[in-house]
Amino acid sequence: MVAFGKKLRESQIPEWREYYINYKLMKKKVKRYTQQIEIGTQNDYYVLRDFSRLLDIQIEKIVLFLLEQQGLLARRLSRLGEEQNGLSQQLTETKVDELQEQYRAAGEDLLRLLAFVEMNAIGLRKILKKFDKRFGYKFTDYYVKTRANHPHSQLKQVFKQVGIVAVAGAIFRNLAELEDHKGSYISIYDQLDLSHQAPVIESIKEALKRLSNSTNFLQFLGKHAMLLEDGLSDTPENYVDERYEFMSLVLNLGNTFLYMVNTYIIVPTADNYTMSLGAAATVCGIVIGAMAVAQVFSSVYFSSWSNRSYMQPLVFSSIILVVGNTLYALAYDLKSITILLVGRLFCGLGSARAVNRRYITDCVPLKLRMQASAGFVSASALGMACGPALACFFRRDFKISSITFNEDTLPGWTMALAWLVYLVWLCICFKEPPSLVPSEPNTGKTVKLILENGCTRPLLLNEHAKQECADQECDDDDDDDDDEGSSKRNRKPVDSIISAYKLLTPSVKVQLFVYFMLKYAMEIVLAESSVITGYYFVWSTTNVAVFLACLGLTVLPVNIIVGSYLSNLFEERQLLLASEIMVCVGIILSFHTSIPYSVPQYVCSALITFVSAEILEGVNLSLLSRVMSSRLSRGTFNGGLLSTEAGTIARVIADGTITLSGYFSESKLLNVTLLPSLIICVYAIVATCFTYNSLY
């Protein structure tokens with residue numbers, strides 16, 4: 001089979017060569033994109049934007065030249081028509097032959113123009129299919145859908161040959177009238193099947209027919225893309241509808257809420273608890289951070305486990321958390337700081353947030369996914385606020401048998417009971433969804449369409465659509481088959497943390513570091529709050545709990561303001577940089593200088609740091625999803641796991657910093673813990689500035 005590129009070169013009209021679609025350039029671009037995505041130097045969003053722009057330029061070049069040639073033909077036919085009308089009463093046979101010859105010559109030029117349009121339409125079709133096959137996206141659907149009905153669309157001129165048909169009609173009509181120059185003119189509108197048509201007319205009709213066949217696929221895909229949401233009766237998205245259970249979603253969000261409560265419920269009392277066991281107050285950093293240390297490992301195995309089941313990891317999480325909280329509470333009577341730390345480690349090993357996120361992605365229908373995601377954020381924020389607030393109600397001190405119940409142990413007993421109730425509820429009401437991929441091997445293939453706004457939409461190629469695509473593919477280049485294996489390898493999920501790291505571009509690394517920075521700053525503010533306020537302001541546990549609860553309650557209003565207002569006024573990268581600067585300002589204001597440290601200074605600086613970090617987190621994760629390789633969107637070692645690990649490691653290091661700062665005097669604790677935060681924040685701002693132009 002002759003490759004299309006060679007066929008295109010051989011059939012080009014020499015003087016029009018520069019106006020043909022640059023098929024060779026487009027092929028090179030597709031191969032270059034493949035290599036860039038494979039090594040991780042570019043992301044899908046950039047590739048689709050850049051390739052769309054390149055196609056727009058190529059099509060505009062073709063269309064403008066096409067309109068220019070149509071205009072030349074139209075003026076030429078207009079002059080011939082004026083000459084013919086002027087001589088309508090004195091037409092001689094010689095003059096008729098001369099006019100017919102000129103019309104036939106115009107018809108020959110129209111045939112050249114039709115061949116030009118046909119070759120470009122075929123080239124456009126092939127390059128779109130080549131892109132789809134290489135990357136596995138239904139980019140053709142997206143491109144035709146967005147261009148087909150746009151008021152300024154150049155693509156319309158390619159598959160709606162209104163101007164060409166009008167020129168052809170003028171040639172047909174005038175040649176038909178000149179067939180009988182004696183006055184009994186035959187009208188093509190009254191008699192379509194003329195018995196004697198010029199060969200050029202037959203050739204033009206055949207060319208128009210071929211051109212229609214070459215461009216019908218574009219019209220079909222445009223309509224198909226517009227009606228896509230109405231025609232998905234057998235798609236995985238509808239299959240997801242069968243997997244969706246409201247009560248299961250509620251239980252999933254309940255796990256999120258309880259875990260966040262479990263994380264922060266001990267913060268107001270952790271320093272008192274460690275001192276009652278004979279340790280320094282700053283050891284609370286290790287106690288709080290032990291949960292994060294275990295979460296570094298639990299995130300990996302829970303992410304892997306969620307590939308096979310959702311209920312099993314949630315049940316295991318609940319059991320581990322019951323055990324962990326029980327050990328945390330028993331440590332008081334056992335007088336063992338080791339049991340206390342082991343209990344918190346068990347709590348961290350029960351972190352199922354990876355499962356919570358995965359369940360929403362896999363099992364909630366697209367139309368409800370936004371609400372479910374908002375519910376996940378709300379449950380986390382509410383848990384963060386409720387955890388410290390609950391500490392206000394634990395001002396009790398009594399014993400049952402030999403077990404002590406006081407403000408130090410009640411958080412552990414309360415959470416153990418809560419997880420036990422949750423476990424029973426989970427076993428009764430949670431419904432394990434069926435496998436995401438249907439058991440039939442040929443039911444379909446889910447692919448993603450990455451839109452210009454960065455969002456994704458699931459699409460389907462069912463068997464019927466596959467057959468249609470196979471019919472269209474029959475005339476593709478030989479090298480397309482070789483591309484398929486490469487594209488499958490490029491889309492294969494990574495199977496190790498090292499492979500995932502190799503796919504991280506500089507932009508992704510910077511965004512992960514920014515996420516590390518904001519989690520570090522937030523953990524410093526939250527974890528050392530009881531020690532700092534106790535030393536400087538002699539706050540009680542109740543005061544600390546109320547303060548932390550108020551900080552937690554800012555999460556939802558801040559996210560609403562950013563999502564509905566600020567995101568419409570500024571680019572995300574602008575919000576990112578501004579938020580980083582505000583975090584830095586909050587940290588600087590937190591330092592204790594020669595001026596006496598006051599409550600307003602502490603509260604305002606903590607609020608600025610925490611709120612700015614919350615804004616930064618939302619913007620950072622949004623940008624991270626755009627600049628990250630598509631291979632990191634699936635499998636165990638996915639982008640969500642990487643960001644979770646970055647944040648968890650930040651919390652571990654922050655809690656470790658607080659503990660190590662205990663070797664200094666309490667008066668130096670604040671500044672010693674804030675200094676690393678400031679250095680990390682400044683470094684993150686500089687790194688963001690260097691990669692600013694690569695953030696879209």
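Every residue, even glycine, has its Cβ placed from backbone N, Cα and C.
What TrEMBL says about a protein is an automatic prediction, not a curated fact.
Model, not experiment: these values are computed from the prediction.
Taken together, the residues of the domain 'SPX' (2-145) have an average pLDDT of 77. Annotation source TrEMBL lists domain 'SPX' at 2-145.
Here TrEMBL flags 249-267 (among others) as transmembrane segment.
Among the features that TrEMBL reports, transmembrane segment is placed at 279-302 (among others).
Residues 251-252, 255, 258-259, 262, 266, 277, 302, 337, 339-340, 342-352, 355, 403, 409-413, 415-416, 419-420, 422-423, 426-427, 430 of the same chain, all 6+ positions outside the transmembrane segment (314-331), place their C-beta atoms under 8 angstroms from a C-beta of that stretch. Annotation source TrEMBL lists transmembrane segment at 314-331 (among others).
If you look up TrEMBL, you'll see 337-356 (among others) marked as transmembrane segment. Residues 252-253, 255-256, 259, 262, 273-274, 277-279, 283, 286-288, 290-295, 297-299, 302-303, 305-306, 310, 313-314, 316-321, 323-331, 376, 412, 640-641, 644 of the same chain lie 6+ residues outside the transmembrane segment (337-356) yet bring a C-beta within less than 8 angstroms of a C-beta in it.
Sequence annotations record features per position, and here TrEMBL assigns transmembrane segment to 368-390 (among others).
The transmembrane segment feature in TrEMBL is assigned to 410-430 (among others).
For 471-491, the entry in TrEMBL reads region 'Disordered'.
Per TrEMBL, compositional bias 'Acidic residues' is recorded for 471-484.
Same-chain neighbours of the transmembrane segment (512-538): 264, 267-272, 281-282, 284-285, 288-289, 292, 504, 544, 547-548, 551, 576, 580, 583, 586-587, 597, 599, 602, 606, 609-610, 613, 616-617, 620-621, 624, 642-643, 646-651, 653-655, 657-658, 666-667, 669-670, 673-674, 676-677, 680-681, 683-684, 687-688, counting only residues six or more beyond its ends whose CB sits under 8 Å from a CB of the stretch. Residues or ranges marked as transmembrane segment in TrEMBL: 512-538 (among others).
Under the heading transmembrane segment, TrEMBL lists 544-563 (among others). Sequence-distant contacts of the transmembrane segment (544-563), counting only residues of its own chain at least 6 positions beyond either end whose CB sits under 8 Å from a CB of the stretch, comprise 264, 267-268, 377-378, 380-382, 384-392, 525-526, 529-530, 533-534, 575, 603, 606-607, 610-611, 614-615, 618-619.
Taken from TrEMBL, the feature transmembrane segment applies to 575-593 (among others).
Sequence annotations record features per position, and here TrEMBL assigns transmembrane segment to 599-624 (among others).
Only residues 6 or more beyond the boundaries of the transmembrane segment (669-693), in the same chain, are considered here, and those with a CB under 8 A from a CB of the stretch are 282, 506-507, 510, 513-514, 516-517, 520-521, 524, 528, 531-532, 535-536, 573, 576-577, 580-581, 583-584, 587-588, 590-592, 597, 654, 657-658, 661-662. Residues or ranges marked as transmembrane segment in TrEMBL: 669-693 (among others).
The list of residues near the transmembrane segment (599-624) in space but at least 6 beyond its ends in sequence, with Cβ under 8 angstroms from a Cβ of it, reads 454, 508, 511-512, 514-515, 518-519, 521-522, 525-526, 529, 532-533, 536-537, 547, 551, 554-555, 558-559, 562-563, 566, 572-573, 575-576, 579-580, 582-583, 585-587, 589-590, 639, 643, 695. Mapped onto DSSP classes, the domain 'SPX' (2-145) shows 124 helix, 0 strand, 20 coil. Between the transmembrane segment (279-302) and the transmembrane segment (410-430), the number of CB pairs under 8 angstroms, six or more residues apart, is fewer than three, so the stretches are not in contact.
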